[in-house]
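Features as listed in TrEMBL:
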TRANSMEM  B:63-81  transmembrane segment
TRANSMEM  B:88-109  transmembrane segment
TRANSMEM  B:115-135  transmembrane segment
TRANSMEM  B:147-165  transmembrane segment
TRANSMEM  B:199-217  transmembrane segment
TRANSMEM  B:247-270  transmembrane segment
TRANSMEM  B:276-292  transmembrane segment
TRANSMEM  B:299-323  transmembrane segment
TRANSMEM  B:329-347  transmembrane segment
């Protein structure tokens, strides 16, 4: 029976389908794969704003398209292959979980160029790019230490991968630079995108008396909870001021647009090469949302720290830093190397949590 | 006037044939209206969803990859549901099957032998069956509600996988990222026809499982036992069948197939373990089972149709630029009409015209 349905579906649609002619494609196609929805108000939306900037910048030369809500796993491989087959010249796969899928498809389509965000595998036609989110999180930590009345904050975290652990440590490091007794609670929600879980985590933390929360998940739910409960919070990936007009202190905003424009320009003039890029506040792939809902002196401090990080005068991970158990990690004046940061799987002193192993 | 549903004495053969056609027609009409309201060409949309994925070889391979776990699990669940046991936890059994099957290539990664793959598949099916044995045991001995227990065990399985991948089974060369080491070539389920695409043997297993299960249900005593106990436990007992044993059989059978699907997916498509191995196949398989009317051959077709809508939805995102959510709505329309039109097989619509009480003055 269902076989019949199937055959009929195919044939009916085949009859209907004559008019679907291929669209003219003399423009260069640049394509994106998102793990969430392009309007998630967070991570994927930030990438989509970057895509729109590319579209605007090269309106007459480039056509952009995207696939959204692509699950990590075999579906990602198919989605990326679909883009490669549909004539995309450059494909940005924007989530860590797309790494192996991107590697496989890149090997299969050597003429197509690929860039994968936040991963560590590359190839002759596969570059990687990432943002030094931790630079912004250091500033958040400093602001939190100035804002919290009970010397602590809560961190709503997604998955215990190095990227996230690095962010937690950087936040704590910033906070400790102001208040050495600062304690950071961490709550793992094991998702990048789940408004319900994120909101529950935020509520649980507020109930425990936390007055500043920050997040490494993609929705505005924690910000909304902060707004309702009259506490403070930091936006993540996108400026979340609309969700928390009285709650948001600032947000670390992913501004991929400049990077995307740079890479597409390289693609058009033929100078594109697979590179491993890790830019930050200085290069402008990370920007701070306006500092709001805080006294002027805190705002001034935040702006000064931001300027110092940009000029290279301040590296958030500068010793002396001890690991959580008190054993030394960095000596006084020693700066963490990028490799150590990218593989980070331990907490520094002051983080009030046991890292899931 | 009011409309009543009246139960038919027997199922209507005419509507058994007409119902899916009617459902399809309604889906096309309402889908077209939806696409037109969004300002998209409805014809192009339908063509992108139903036709384009079938025109290219690579895309047919992708369809086989997507449909294989759905069919494997759907077939197992159908047997379980026919016996009036409600295993909602195929997703968990899929996950545990993937874990037990991955034991050899991850822990004994130095052992290279042609035996690895068959043993992996066996361990996968065994793991899935053992995990399904938990709700079976709870139901058979304590009369617990198997819908709840099997569902809850899904989360346990997923968190167990998560724990393994972040701990003992993490790739030592993976920069602390939560993935296992890649499987060696002899632990990878081979492609059916490598030159043309990446579909692997899972699809063959699915078709064979569906065929054998269809045979069992139709021509063997076991099949009769399943049907009788499912329809009336009391009648089954008079026939000498044990409903307790049937609980075990239903769960172990569906669990083993789900476990097999799990290890096939990991071995054939992903090639390593990672925290997210399934976009909800175990739950979609429940829809597939019912869409196929709990008939193994129907499930082959419904698994393919559902797989097609996923692929088509993705193709439509690109070719006509609708959002992912629109294609989900379209999928919903299809399922809604198929299931609601099935009502007409067992019921007929009776419209009665009653006179309004009281005259006009």
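Glycine is no exception: its Cβ is also placed from the backbone N, Cα and C atoms.
Note: TrEMBL annotation is automatic and uncurated.
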Stretch contact, the transmembrane segment (B:88-109) with the transmembrane segment (B:276-292), Cβ-Cβ under 8 Å, 3+ pairs: yes
Cβ contacts the transmembrane segment (B:63-81)/the transmembrane segment (B:147-165), at least three under 8 Å, sequence gap 6 or more: no
Proximity verdict for the transmembrane segment (B:329-347) and the transmembrane segment (B:147-165), three or more C-beta pairs under 8 Å: no
Distal contacts, the transmembrane segment (B:299-323) - CB-CB under 8 A, six or more residues away: 35, 38, 40-41, 44-45, 48-50, 52-54, 59, 62-63, 66-68, 70-71, 74-75, 78, 206-207, 210, 284, 287-289, 291-292, 330-331, 334
Tertiary contacts of the transmembrane segment (B:276-292), as residues 6+ beyond its ends and Cβ separation under 8 Å: 69-71, 73-75, 77-78, 81, 88-95, 98, 154, 161, 258, 261-262, 265-266, 270, 298-303, 305-306, 335, 338-339
